[in-house]
Amino acid sequence: MPHRSPVAPLALLACATLVLSSCSLSTSFPSGTPTTSDVGTGGTPGTAPASGSAAPSSHPRHNSSDAPDWGTGSQGQQAAEGSTLTVADVRIGNHPEEGYSRLVVEFDGQGTPGWSPPQWDAPASTMGKGDPIEVQGGHTMVIRGSGVADVPPDGQRVSGHRQIELDDSANDDRSIDSAYIDPGFEGEFQVVIGTDSQTYRIFRLSSPTRLVIDIAHD
């Protein structure tokens, strides 16, 4: 049974598969190659501390030939100057044979997204109001992103915060139990993930523009 992270309750939007505007549950994602600036930006692999920024462990057996190393993205990455992105879709998939679960944030608009170093097991709150966020999982991973439009355009495909809960009855070997997204507030977005592992990598893909967060099956 997933452990509930120790933050104050928030009404959850439960779903049998995955409900998030145009979101879908998938075990396969659009192919793409990480941009050159994304690969090799991670810190030194190691054992993650109990809280704060975590330096992820190295798991060579979980790496596929076209995936960045574990630890990529742990130091964060700047958004491209002048980026005016909007969140178009959010997807979560499980890749048991490769040994990881994946969350993808897809964007419309111009530019590339950035992100700050992830924070682990710290209280999470909504952007703007500061309401507490609750996610399921042994650990809470909080990522603040940049590069989204200060004022979201009319017709933005994902508007307003969303809670993503996965079906507990699936009983599969996954490392992402739930997630929450703030799609945009004053030029930033936020992703909060409930995980069973602190081994991760973060990178970008293009065509379409995506931010990818992989969590290893430890």
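Glycine too: its Cβ is placed from the backbone N, Cα and C atoms.
What TrEMBL records for this protein:
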SIGNAL    1-21  signal peptide
REGION    27-82  region 'Disordered'
COMPBIAS  27-37  compositional bias 'Low complexity'
COMPBIAS  46-58  compositional bias 'Low complexity'
DOMAIN    86-217  domain 'AMIN-like'
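Taking DSSP states H, G and I as helix and E and B as strand, the domain 'AMIN-like' (86-217) has 3 helix, 72 strand, 57 coil.
The average pLDDT the prediction assigns to the domain 'AMIN-like' (86-217) is 90.
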